[in-house]
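Reading through the C-alpha cells given below for one structure.
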Amino acid sequence: MSTTFQTPSRLPTVSAWDQFCEWITSTHNRLYVGWFGLLMIPSLFVSAITFMLAWVAAPSVDMEGIREPIISSLLGGSNVITAAVIPTSAAIGLHLYPLWEATSMDEWLYNGGPYQLIILHFLIAIWTYLGRQWELSYRLGMRPWIAMAFSAPVAAATAVLLVYPMGQGSFSEGLPLGISGTFHFMMAVQAEHNILMHPFHMLGVVGVFGGAFLSAMHGSLVTSSLVQETSSLKSVNTGYKFGQQEATYNLLAGHAGYLGRLFIPDIAFRNSRSIHFLLAVLPTIGIWFAALGIGTMAFNLNGFNFNHSLLDSSGRPIRTEADLLNRATMGLQVMHSVNAHHFSLTLASTESKEIPTIPIMTS
C-alpha cells in the first residue's frame with residue numbers, strides 16, 4: 001500500500017499596500033474615497049473646523065492694516081447675517097502667513113491668519129473633489145462631463161478667493177466669508193472695476209439666469225406630462241417605482257405638444273439628450289465667463305466706463321442709465337474708502353490700539 005502526499009498549493013499573499021490600494025479605489029464602498037480623497041478629506045476638515053471656530057469666536061482683525069480692527073464673530077456681537085471671517089490684513093499683503101510666522105497667537109489672529117488657513121485648504125478640497133469626481137467616473141466607465149460641469153463653481157471660487165487677491169496685491173481684497181461680507185465684496189468690486197458693464201459678467205448673468213429659466217421650464221413640463229399609470233381615483237405617483245426602466249413622462253407631449261404651441265413649433269425640443277445637454281452647458285459656460293471676468297478685473301481690466309454724458313445740440317446732458325450707474329459707483333467708492341466702516345457699521349471694534357508716535361523736531 002502506497003501513500004501519496006500532496007503538497008498544498010500556496011495561497012498568493014496580498015500585501016497591506018495592495019489591500020489599501022484596493023480599498024481606496026473600490027467602487028463598492030458606501031462612499032468612494034479615491035486617491036484625490038486622501039487629500040480632500042483632511043483639507044476639508046481643516047477648512048470647516050477653522051471656519052466654524054473663526055465664525056463663532058474670532059477676535060477683531062485689522063483688515064485694512066491701519067490699526068482699526070473689525071469684529072465679526074458671533075461672540076463679538078455680530079449676528080448670523082453680519083458674522084464673517086475677515087480677510088487677512090493688508091499689512092501681510094500676499095505673504096504666506098501660517099501660524100509659525102507670527103510671534104504669537106494673538107498677533108496671528110489680529111492679522112487675520114485664519115482666513116488664509118481656511119481658503120487655501122478649501123481650494124485644495126474643492127479641486128481634489130473635482131478630481132475625485134473624474135476618478136469615480138473613470139472607474140465606473142462614465143464620461144467626465146460631471147467633473148467638467150463642477151469645474152465652473154470651482155473656477156468661480158478660485159477667482160474670488162485667490163486670483164482676485166493676487167491681482168490686487170493683498171489677501172485683504174478677497175471675499176469675506178459671510179453673508180454681509182459677500183455683499184461687501186460685491187459692492188467693492190463694482191466700485192473699483194464697474195463689473196456691471198463688463199461683457200464677461202453679462203455673459204455670466206445670461207448663463208446663470210438662462211440655466212435657471214430652462215431648469216424651471218423643463219421641470220414644470222416634466223411634472224405636467226407624467227404618464228398616467230393609475231386610475232383617476234389614485235395619485236399618479238403611486239403608479240411608479242424608483243429606478244424603473246420605463247419612461248415616466250412624455251417628452252414630446254410636454255415640449256413639442258405644449259411648449260411648441262406656445263412659442264415656435266420648430267424650436268421645440270424633441271430629444272431628451274439635447275435638452276439636458278443645454279441645461280448643463282448654458283450655466284456652466286456662463287459661470288466660466290463670470291470667473292474669467294473676475295480674473296481679468298483682478299489685473300484692472302475693468303468694465304466699460306462712460307465718464308461723459310451724452311450732450312444735445314445745446315450742450316445739455318442727456319441722462320441715461322450709464323449716468324445713474326456712474327453715480328452709484330461713485331457712492332460705492334466713497335463707502336469703500338479705508339476710513340469708512342460699512343462692513344458693516346455694527347462690526348467696528350471698540351478696542352483701541354495704541355500707535356507709537358515719532359516726535360518731530362522743529363528749528
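Glycine too: its Cβ is placed from the backbone N, Cα and C atoms.
Features as listed in Swiss-Prot:
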- 32-49: transmembrane segment (TRANSMEM)
- His121: chlorophyll a ChlzD1 binding site (BINDING)
- 121-136: transmembrane segment (TRANSMEM)
- Tyr129: pheophytin a binding site (BINDING)
- 145-159: transmembrane segment (TRANSMEM)
- Tyr164: site 'Tyrosine radical intermediate' (SITE)
- Glu173, Glu192, His336, Ala348: [CaMn4O5] cluster binding site (BINDING)
- His193: site 'Stabilizes free radical intermediate' (SITE)
- 200-221: transmembrane segment (TRANSMEM)
- His201: chlorophyll a PD1 binding site (BINDING)
- His218, His276: Fe cation binding site (BINDING)
- His218, Ala268, Phe269: quinone binding site (BINDING)
- 278-292: transmembrane segment (TRANSMEM)
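All features noted in Swiss-Prot, drawn onto the structure.
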residue	record	DSSP (3 states)
His121	chlorophyll a ChlzD1 binding site	helix
Tyr129	pheophytin a binding site	helix
Tyr164	site 'Tyrosine radical intermediate'	helix
Glu173	[CaMn4O5] cluster binding site	helix
His193	site 'Stabilizes free radical intermediate'	helix
His201	chlorophyll a PD1 binding site	helix
His218	Fe cation binding site	helix
Ala268	quinone binding site	coil
His276	Fe cation binding site	helix
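Count of Cβ pairs under 8 Å against the transmembrane segment (278-292): among 121-136, 145-159, 200-221, the largest is for 200-221.
Summarising the quinone site geometry, the residues cited as binding it (His218, Ala268, Phe269) extend over a maximum Cα to Cα distance of 11 Å.
Of the recorded ranges 32-49, 145-159, 200-221, the transmembrane segment (121-136) has the largest number of C-beta contacts under 8 angstroms with 32-49. Long-range contacts of the transmembrane segment (145-159) within the same chain: residues 122-123, 126-127, 129-131, 133-134, 137, 280, 283-288, 290-292, 294-295, 298, each at least 6 residues beyond the stretch ends and with a Cβ under 8 Å from a Cβ of the stretch. Residues 23-26, 117-119, 121-122, 124-125, 128-129, 131-132, 135-136, 139 of the same chain, all 6+ positions outside the transmembrane segment (32-49), place their C-beta atoms under 8 angstroms from a C-beta of that stretch. For the binding-site residues His201, His276, counting C-beta atoms within 10 A of each C-beta gives the highest total at His201. Of the recorded residues, Tyr164 (site 'Tyrosine radical intermediate') and Glu173 ([CaMn4O5] cluster binding site) place their C-alpha atoms 7 Å from one another. Taking the C-alpha atom of His276 (Fe cation binding site) as reference, the shortest distance to any of the binding-site residues His121, His201, Phe269 belongs to Phe269. With all protein chains in the displayed structure included, the most crowded Cβ environment within 10 Å among the recorded positions His121, His193, His218 is that of His193. Each of the binding-site residues Glu173, Glu192 was scored by the number of other CB atoms within 10 A of its CB, and the lowest score belongs to Glu192.
Here the Cα atom of Phe269 (quinone binding site) is found 43 Å from that of the residue listed as 'chlorophyll a ChlzD1 binding site'.
The two recorded residues Glu192 ([CaMn4O5] cluster binding site) and the residue listed as 'chlorophyll a PD1 binding site' have their Cα atoms spaced 15 Å from each other.
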